[in-house]
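Asks: This is the structure, below, for whatever I ask next.
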Amino acid sequence: MEKLAEEIINGRRLTRSDDLEFLLTCDLKKICDGANKIRKTLCGESVDLCTIINGRSGKCSENCKFCAQSNHHKTEIKKYDFLDPNVILKDCKKNEANGVHRYSIVTAGRALVGSDFDKAVQAYKMMNKECSINLCASHGFLSEEQFVLLKEAGVTMYHANIETSKRNFHNICTTHSYDDKIKEIKLAQNAGLKVCSGGIIGMGETWYDRIDMAISLSELGVISIPINVLMPIKGTPLENLKRISNYDILRTIAIFRYINPTAYIRMAAGRTYFEDGGIEIFQSGSNATITGDMLTTVGNNTCQDKIMLQTLGFSI
């Protein structure tokens, strides 16, 4: 693994034509150490912190099996319309003061349209004017014109998870397709936005699905890859799935670093499964994280995250 890490540092890139079976069987410590070396050499010691606000909750038409916000599932989440832009601005300012680097509004639903989209643009313009934080957005399937409007409002990155591999996608969602996701990502890129896209592990997929997802993201040129671990929510079709081990989480992080050596490998939901906040995650190739709460689940405390990461040698 050390030799492969050196080759990747020197420019080699893993592709679909490579036999990647060894990534699943090699010693865990060796693959994690190699991934950490790649991260340190190609990405440096800086860490990227982002946080999100649930800008519109619930009542989603899509049937993603993992999601508590779908109208297809009976869950006990708060449902509300788009937040007042002033509420969003206040929350953004608070997170910027806490040292967070990126801030994103995330909305439930297939797409954000009409007056809700107008409110989102207004909120981004207000944040762009009054804050210095990097602005990200996650609003489902938008038109090319909408992506341009977001960019003009100050948004620099668009979030659109592919969730899993192409071959496994139909097992997770049937109201939209994997190809719909890819089209969305390319529209955002064509509008001049960077893209944040990853997925969820622990939904019953195989290791080959995870590798396939990592390669697809590399082929798309995605620069920020959030990796979520399924946190089963009562009322969703996946509520009774047994969670994957911490060892599997670490191997997944390392594999994604080997395949996407210069990207932000962003640990998202699931870090609370680690008692120490996920120290080993950041020694296995990760150099970014969502801090604070997730959309419908509890996350990690930002101040504690900063202390932990600085102790590990990262610069905030």
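Every residue gets a Cβ built from N, Cα and C, even glycine.
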Asks: Need a hand: Swiss-Prot gives Ser104, Cys136, Cys196 for [2Fe-2S] cluster, which of Arg13, Arg16, Arg266, Arg271 is also on that list?
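Replies: Given Ser104, Cys136, Cys196 bind [2Fe-2S] cluster in Swiss-Prot, the matching entry from Arg13, Arg16, Arg266, Arg271 is Arg266.
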Asks: Roughly how many Å separate the Cα of Cys196 ([2Fe-2S] cluster binding site) from that of Cys64 ([4Fe-4S] cluster binding site), to the nearest whole number?
Replies: 19
Asks: List the same-chain residues at least 6 positions away in sequence whose Cβ sits under 8 Å from the Cβ of Cys67 ([4Fe-4S] cluster binding site), in sequence order, or say none.
Replies: Cys60, His73, Thr236
Asks: Taking the recorded [4Fe-4S] cluster site as Cys60, Cys64, Cys67, identify the other residues of that chain whose CB atom sits within 8 Å of the mean position of the site's CB atoms, giving them in sequence order.
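Replies: Same chain, not in Cys60, Cys64, Cys67, Cβ within 8 Å: Glu62, Asn63, Phe66, Ala68, Gln69, Ser70, His72, His73, Ala108, Cys173.
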Asks: For Arg266 ([2Fe-2S] cluster binding site), what residues in its own chain, 6 or more apart in sequence, show a Cβ-Cβ distance under 8 Å?
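Replies: Listed in sequence order, they are Asp48, Cys50, Cys196, Gly198, Ser224, Ile225, Pro226, Ile227, Ser286, Ala288, Thr289, Ile290.
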